[in-house]
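Asker: Among the features that TrEMBL reports, compositional bias 'Acidic residues' is placed at 561-579, 1207-1220. Under the heading domain 'EML-like first beta-propeller', TrEMBL lists 12-253, 665-928, 1337-1608. The domain 'EML-like second beta-propeller' feature in TrEMBL is assigned to 274-538, 947-1175, 1628-1895. What TrEMBL lists as region 'Disordered' is 556-579, 1202-1223. According to TrEMBL, the repeat 'WD' annotation covers 196-211, 276-300, 350-381, 845-875, 1628-1662, 1704-1745.
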Amino acid sequence: MQKYFISFFFGSLALHPERVLVATGQVGKEPYICVWDSYTVQTVSVLKDVHTHGIACLAFDLDGQRLVSVGLDSKNTVCVWDWRKGKLLSMAPGHTDRIFDISWDLYQPNKLVSCGVKHIKFWSLCGNSLTPKRGVFGKTGDLQTILCLACARDEVTYSGALNGDIYVWKGINLVRTIQGAHAAGIFSMNACEEGFATGGRDGCVRLWDLNFKPITVIDLRETDQGYKGLSVRSVCWRGDHILVGTQDSEIFEIVVHERNKPFLIMQGHCEGELWALAVHPTKPLAMTGSDDRSVRIWSLIDHALIARCNMEEPIRCAAVSTDGIHLALGMKDGSFTVLRVRDMTEVVHIKDRKEAIHELKYSPDGNFLAVGSNDSSVDIYGVVQRYKKVGECIGSLSFITHMDWSSDSKYLQTNDGNGKRLFYRMPSGKEVTNKEELKGIQWASWTCVSGLEVNGIWPKYSDINDINSVDANFIGQVMVTADDYGIVKLFRYPCLRKGAKFKKYLGHSAHVTNVRWSHDHQWVVSIGGADHSVFQWKFVPDRKLKDTLHIAPQESLVDSNSDESDSDQSDVPELDSEIEQETQITYRRQVYKEDLPQLKEQCKEKRKSAASKRRERAPGNSIRLHFVHGYRGYDCRSNLFYTQTGEIVYHVAAVGVVYNCQQNTQRFYLGHDDDILCLAIHPLKDYVATGQVGRDSSIHIWDTETIKPLSVLKGYHQYGVCAVDFSADGKRLASVGIDDNHTIVLWDWKKGEKLSAVSGRKKKDLLLWVWFYTSCTIVPSRCLMTCFWSEPGGGLIGRKGCIGALGRTDTMMCAVYGWTEEMAFSGTSTGDVCIWRDVFLIKTVKAHDGPVFSMHALEKGFVTGGKDGVVALWDDTFERCLKTYAIKRAALAPGSKGLLLEDNPSIRAISLGHGHILVGTKNGEILEVDKSGPITLLVQGHMEGEVWGLATHPHLPICATVSDDKTLRIWDLSPSHCMLAVRKLKKGGRCCCFSPDGKALAVGLNDGSFLIVNADTLEDLVSFQHRKDVISEIRFSPGAGKYLAVASCDNFVDIYNVMSSKRVGICKGASSYITHMDWDIRGKLLQVNTGAKEQLFFEAPRGKKQTIPSLEVEKIGWASWTSVLGSCCEGIWPIIGEVTDVTASCLTSDSKVLATGDDFGFVKLFRYPAKVSNFQLGKFDLCGADTSLMLWTYEMEGHRDSRQCDSEESDLDSEEDGGYDSDVTRENEINYTIKALSTNIRPMFGIKPHLQQKEPTLDERQGVVRPPVSRALPQPEKLQTNNVGKKKRPIEDLILELAFGYRGKDCRNNVHYLNDGADVIYHTASIGILYNVATGSQSFYQEHNDDILCLTVNQHPKFTNIVATGQVGDSADMSATAPSIHVWDAMNKQTLSVLRCYHSKGVCSVSFSATGKLLLSVGLDPEHTITIWKWQEGAKIASRAGHNQRIFVAEFRPDSDTQFVSVGVKHVRFWTLAGRALLSKKGLLSSIEDARMQTMLSVAFGANNLTFTGTISGDVCVWKDHVLIRIVAKAHNGPVFTMYTTLRDGLIVTGGKERPSKEGGAVKLWDQELKRCRAFRLETGQMTDCVRSVCRGKGKILVGTRNAEIIEVGEKNAACNILINGHMDGPIWGLATHPSRDFFLSAAEDGTVRLWDIAEKKMLNKVSLGHAARTVCYSPEGDMVAIGMKNGEFIILLVTSLKIWGKKRDRRSAIQDIRFSPDSRYLAVGSSENAVDFYDLTLGPTLNRISYCKDIPSFVIQMDFSADSSYLQVSTGSYKRQVYEVPSGKQLVDQAVIDRITWATWTSVLGDEVIGIWSRHAEKADVNCACVSHSGINLVTGDDFGMVKLFDFPCPEKFAKHKRFLGHSAHLTNIRFTSGDRYVVSAGGDDCSLFVWKCVHMPH
């Protein structure tokens, strides 16, 4: 018995360690992985959205929690999943070539091995990063393709190779090979308790014990079932059973003691296509034939293969004769063969055609066989006459595809490739064209795809020929089809109309080539073309379906993933108008709020021109949202709820409103930035979820009490979220998007994680209702569909509702779950309620006239509301209706304020609680219905369309609005906030205006008419219609209100005399429609704005056009100002006027403040007049097409400080950012180099040494063959060695011992105390350094592969000594060069987590949260992304673009896990982590006079939400929440680079850039409020101190400076102790080691030469030279030092007194190398001027040049003297090495002489002896320096990639073997051995650091 899991074509499969769950991966464009249970065949989890093209291999880890998958994409991506959650833990590019196998190391956690084409890789998983190490084949085996692998204990891995060998790996090295384990490639390897099993292409299975000693071999080719060419593709060994899968689709089981009798479990066709299928007429047998030339007969009862026979040719079709004796097979070569079924012997073989036979059929009476071929003809053969040809049908123009006989065997119908259907008379083959003759024919079978009876199998509007096969079951009146998409469909037969309904079944991968009913119509057999499989389906007739419903609903017979079709039915009900509207609303915007930042960027360019005028401040006044009239009911449903406290929560526009009915007040959630579309309430009624419109729209979950956001979910829905709902336990939230697929997403909202997502259907989801029982089913309802969703693991699985025979599918409008798990109820568009059990429709009940819009479940029943305006209460089974309430004006309670717009409004939302029913209507009203009947009106607003008209009463607190919903409404603005009057209009309105006495109200309508009504009763006084187009503005003249000006979109303004009701004037001359009008105080002058941005003036009453200069305009007293043009209000327009439009403005009565509204929905406040462009403004969101009316209270300047409002500053930054500072600029503009991309540091040219052609020697040219034993002198040593007596020991390893250097010049906040001040942690280059203060010893963290930029220490006691460091990196492709953050333990240097991140370029700031569990990182990418991680799991929680300019620091508040602050260039932001989203507020400056946004550099924190930020000007800003409350002016004289908050006492340390003075200091200690401070001076002797990092321990302050010093300052005595020194600017070019002691000298670009002591681990001395130094050298005795400078000068110092012995400048360009000769006589000075100068030191300190070397081809790099001081070798910048005589300077060209020179030192990177140091990857970068050890056996080099390499010397072979040591940044400049080869010192270029490596010598 088999059970099937039906998904798609599997590419790979893995078994869970508990052996129940299986993971399978598929091939395809968007492939996914299913994890399913092999017993129940149910999907447990679906993993998708990462791989493309397909999934190559899968593997579970030991405990089955994680799954690894490899994709088939170009990078062969490797992914690790937490498959139960459906979460991607890590991904990395796998390899450039195919990967064949991957496996977890079952004996070590977090390790994996993968293998494939010519490689094997060993992976380790740490944090979220997978790091590979390539296996080293070495000399043990050939580099070749590895096909399979198995892991054993002790880091041993066995792998099977393509040539049949087994390779054994230990760690990453190949240790041995087992030759010839198989004769050909090993395809499969399987490990079990007893050992390993391997299977190969040679057909053998071999068993091995645990040490891979052979146990036995089973050769399957020799067994009973075996055949030649059998190839094993997969083996599995358990106990004494072995499973074997072969290339020919067989599965064998072998029992070990009967090894030559393998048992065949499963078999199928192999290669090629499978087309032939025939069914036996009387027995349950099926015959198949395929391109693999085999015919197989299968039993349909016990699913076994009965017989198999191989033919000569590929088989294309088959047929069985009616008596079941003969089997005919059509071949690909045009022949056909007839076999006896009984014994498979050949009866006849006939070849009449050239092309393939595609169809053959026996006639029902058994006399004839019709054979259709691809040469478009059918031949008829007589069966009885031994298959003699008796007729031929010619008539088709294309190849024959299908044939059917009539029941009386007299007619044949055919289909051909053109889709033609033709008829022939039998057996002659004459074509029948007479229609009448054909009418009565009964067909014996129906397999044709064209014809009237099967019209319905084709889609309505397509002519494609993709249905391969049909077979009709006349008895059951059904037929089955097979098509090219792998789908088997079931239709009714006959089906005459196109686009009929069907059920579809999945299972085949590609095309299904043939399908047939079995003889008794119980089964359907289908065969797949490319997947070679034969599927057998059981047919369940209709009547049985009904029986099974009652028996067992859980075994629902929606057997295999069946799906109804999506085609429309004939009997679809008519659509309700409202539903139609709602389905068609589009929420796409022309311009989204999210685009504002880009638009601002564009402003920056245009702003440069306008910057000359001084910008004004924003007004001191502000407005605050006070009351909102309106409720979004016209296109949203079920969006109105009671909260715990009995308040009402609903939404309108972009505001969530919490309304208190008792006090008639509203509170607002203003976190959304665009319209809210849906709202759901938590089961506990305290939290609310709201979803909004937007390009990447978000869902906010917020608390109705505090109005604070708890979580923001985003990242999955495009355009908007149209439905949300909480689960019953409140932990999960489901949401539906309004993207094209209506994606449904399930969230864990507290964590902000997406649990799973699935695309819904194409039509609009009108509502979604979630109810989680154990099965987590979700019912969304959609147009014409109901769909039930359940959620396994990471994927939602949807099953469509089975409507069955009970009803047609209506549009489902709402749904609710009943109180038993299986029951669900849904309301439809026709007013019915459907009742479902599981996925079956049980019954329907008529509930309303018109659609049922809303339902709500109670404990004992339901309440529904519909379009008919009736609320109905039902019992719990929808048996009877208990009570109905009609929403009518008459039912309004006596004290209810406001009015109903109409009786029986359409009900859109309904909710129960507190003894009331809450009802929301389409007209924007919210009503409360008491159980006893009276109705109270709570909220109302306009319905739909846009609200354009707004007028305020001249002296009462009321206003009037008119909108596209054809109503005019009067609102009370004072305490009651209700609608006083409403009147319906015949057309929608655009404008309205009160007369100056407030008695009359003029309203302009959309059809060009306007009317004047009584302001109290709203009855008509008079109306006119002179225009055709919309009336856009209407205004009474001031004073007596004598004239009325009416503006229209026809570009005219009409002036009417109000008293006489006549038109008295027309203003002409506007070139576009009129947008705004204002009168002057006298009522004489009219100001007009038009759509063409014109500002025109007309005189009343005749309408004569006037031109008034702009200066005069301001002087005229205007009665009102709503104009948006003119010089007075230039400033309200943004710089880019094309994008947003200011649509309205209004001036306050005292003419000081102007309020504006625009298309983005912002309300802005400006000072008036607003002259200069872009000035700062307070911003307030809301307005527009959301039909709501918002009231804002206006607060005068004095009252403002008492309550801070949530307004935002204007966005344009001020130009002045607080000044300029060179250090800040350097840090901001630095370009961090990445090692992998580094180029050479010296301007070398020419051909690299390893690419140069070697010149043949003289002997070789003359062809002299020297005798092997030469009598000549032995070759002398290459190098003079000093320890001749001892046995020389080669060096085998280098260990980093000391690092002198600290990265302070461009990094900050990177020095910290650990262990109460006993240790200091800091970094340089790519190593983290732990420095012990007492002993001065250092230990290192060396896992970073590129420069570290930032460092932070976890302050939480649970995570002591945990450090996080972030590094630079390449693009964010998650590969090994991507930027990453390492979290590690400072004491034992264990890596705890590696976070690969998407910050391209690098990570510039990291910070731990208060609990220590979260880590914050900031990137150097252009968006300066801010990311929050759970570092222990390596999971990214949230990420968001931070700012468009550099962010320097971001830090968590020390007491918070959710709040942090980021500072940067003109930037300070206060962030909150809500769920998985980051919300931010800009710092508000406006509360302090003349404050401007400066570049912020550092941040510290105080109690009560205080934040301190240090600026570039030396001030410190103090913020409360996000508002600036004071400025500590000039806390430092220069930029405040660093601040540190001490956690134990709250004191704050600041560090800045200052010149030392008596009272000031670069470090200051402040109290908690930053009021008092104490300064500390750093006694470093520099001109200015520049502090880059501070930290405070017990009584001590640790300071890191720009000059690479780390200093400890005592708080009591202010004493300074310098702990660490370093060069402050690089590169460090000069390096020299003392001839006898462990001292060394370094000389760098910073103009200092420093003397270091390795034993004492410190700097002994330093000399400042005033110029950059380039090179340095000790004399052979160690008593003198020569220093070469960048300006061409050189100096000789005496070591003892540091006095200058002599100095000289003979060259103008840099001295590159300087050398004393071994006899101390000569000094050689090599410079960039392609010269080497010789000086004779015996002539005294005058230093006269005695000679120089001529014709050096390029600048000098290195020089070495010979041991006898008579020769000098010079390496040059053109990759040439030359030898000169000393002191004459003549070049030595005789190679024989050169070969015999013994050198005193060797530092050259050129020469045949060192050709092996040049690597293959040196296209761009060079080897910069080298040094041979004093023993002459080893050689170390430094290169532009920052690597130190150790070679053997000499190394004349190219690409010699070596060891590498990482640590430096890019560019090593110099490297030397110390005396006695005890240490190697390397000098860095970019990192200004000196590393001391200890040499480990090989034991004797």
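In case you wondered, yes, glycine gets a Cβ from its N, Cα and C as well.
Those TrEMBL annotations? Automatic predictions, nothing curated.
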Asker: What residues elsewhere in the chain lie close to the repeat 'WD' (196-211), defined as a C-beta under 8 angstroms and at least 6 residues from its ends?
Answerer: 148, 150, 152, 158, 160, 164, 166, 181-190, 217-221, 226, 229-237, 242, 244, 254
Asker: If I take every residue in the repeat 'WD' (276-300) and average their pLDDT values, what number comes out?
Answerer: 85
Asker: Work out, from DSSP, the number of helix, strand and coil residues along the repeat 'WD' (350-381).
Answerer: 0 helix, 19 strand, 13 coil
Asker: Sort out for me which stretch, of 12-253, 274-538, 1628-1895, has the most Cβ pairs below 8 angstroms to the domain 'EML-like first beta-propeller' (1337-1608).
Answerer: 12-253
Asker: Go ahead and report the DSSP secondary structure tallies for the repeat 'WD' (196-211): helix first, then strand, then coil.
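Answerer: Helix, strand, coil within the repeat 'WD' (196-211): 0 helix, 10 strand, 6 coil.
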Asker: Quickly jot the same-chain residues contacting the repeat 'WD' (350-381) by Cβ under 8 Å, restricted to those at least six beyond its ends, or write none.
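Answerer: Non-local partners: 275, 316-323, 326, 328, 330-338, 387-394, 396-409, 412, 414, 416, 424, 426-427, 429, 444-445.
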Asker: Can you name the far-off residues of the same chain, 6+ from the ends of the repeat 'WD' (1628-1662), with a Cβ under 8 Å from a Cβ of it?
Answerer: 1297-1298, 1300, 1336-1338, 1621, 1668-1674, 1676-1678, 1681, 1683-1684, 1686, 1698, 1869-1875, 1878-1879, 1881, 1883-1885, 1888-1890, 1892
Asker: Sort the residues of the repeat 'WD' (276-300) into helix, strand and coil with DSSP and give the three counts.
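Answerer: Helix (H, G, I), strand (E, B), coil: 0 helix, 16 strand, 9 coil.
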